[in-house]
Amino acid sequence: MQIAEIVERRSVSPRRLIEPGPNSAQLNAIIEAACAAPDHRRLRPWRFVLIRKDAREALADLFEAAARETHGALNSDQVKRAREKAENGACLIAVVAEIRNGIRDVPPHEQWVSVGAAIQNILLAAQSFGFGSMLVSGDKVSTRALSDGLGLAPDELLLGFVAIGTISKQPGPAQRPGAKEKLSYWPKEEKQGVK
């Protein structure tokens, strides 16, 4: 992968990520890339759950239950929207984190960075195979309905889902800041005549 491909990478709405998705070998390579993320002390504070296509209806049930848990009573349109999200993306991978407290030289923020790097590696690996991808989350990921339904341990957190697939409609160019806006130097150079 070239630097220009990384800079030009775009997240693509899961609604636009259609079949075909990654095959078994590609999926394994994508997860291997995730597991190559920087990881101080090799804590491996992540795991991934592939949502099989034949389980999407069950996931829709969980999404509906999560919406009810979060918002209470739902009208028929809200139920439909919650359930439809389970069908988006040719491939859907749940991202689960286990952040350990009390590790003196690997504080929680380092572990979160490692999880984020693993997710970024998934997105970049998917792109290297020609697929689009996007991490999606929302308030549903912190619900008991989803954590219990996906079998998370008490010390695990669901971060979201990575959707991967063939892009049906390319997104427009991204408006992003560059190095000029986001890179500073220390110590700052003093302007001539100013101290």
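Even glycines carry a Cβ here, placed using N, Cα and C.
According to TrEMBL, the features are:
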- 6-165: domain 'Nitroreductase' (DOMAIN)
- Arg9, Arg10, Ser11, His40, Leu135, Val136, Ser137: FMN binding site (BINDING)
- 170-195: region 'Disordered' (REGION)
- 178-195: compositional bias 'Basic and acidic residues' (COMPBIAS)
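The Cβ of Ser137 (FMN binding site) lies under 8 Å from the Cβ of Leu159, Gly160, Phe161, each of these being in the same chain and 6 or more residues away along the sequence. Sequence-distant neighbours of His40 (FMN binding site) (same chain, 6+ residues apart, CB-CB distance under 8 A): Asp105, Val106, Glu110, Ser114. Sequence-distant neighbours of Ser11 (FMN binding site) (same chain, six or more apart, CB under 8 Å from its CB) are Leu123, Gly132, Ser133, Met134, Leu135, Pro171, listed in sequence order. The maximum pairwise C-alpha distance among Arg9, Arg10, Ser11, His40, Leu135, Val136, Ser137, the residues recorded as binding FMN, is 28 Å.
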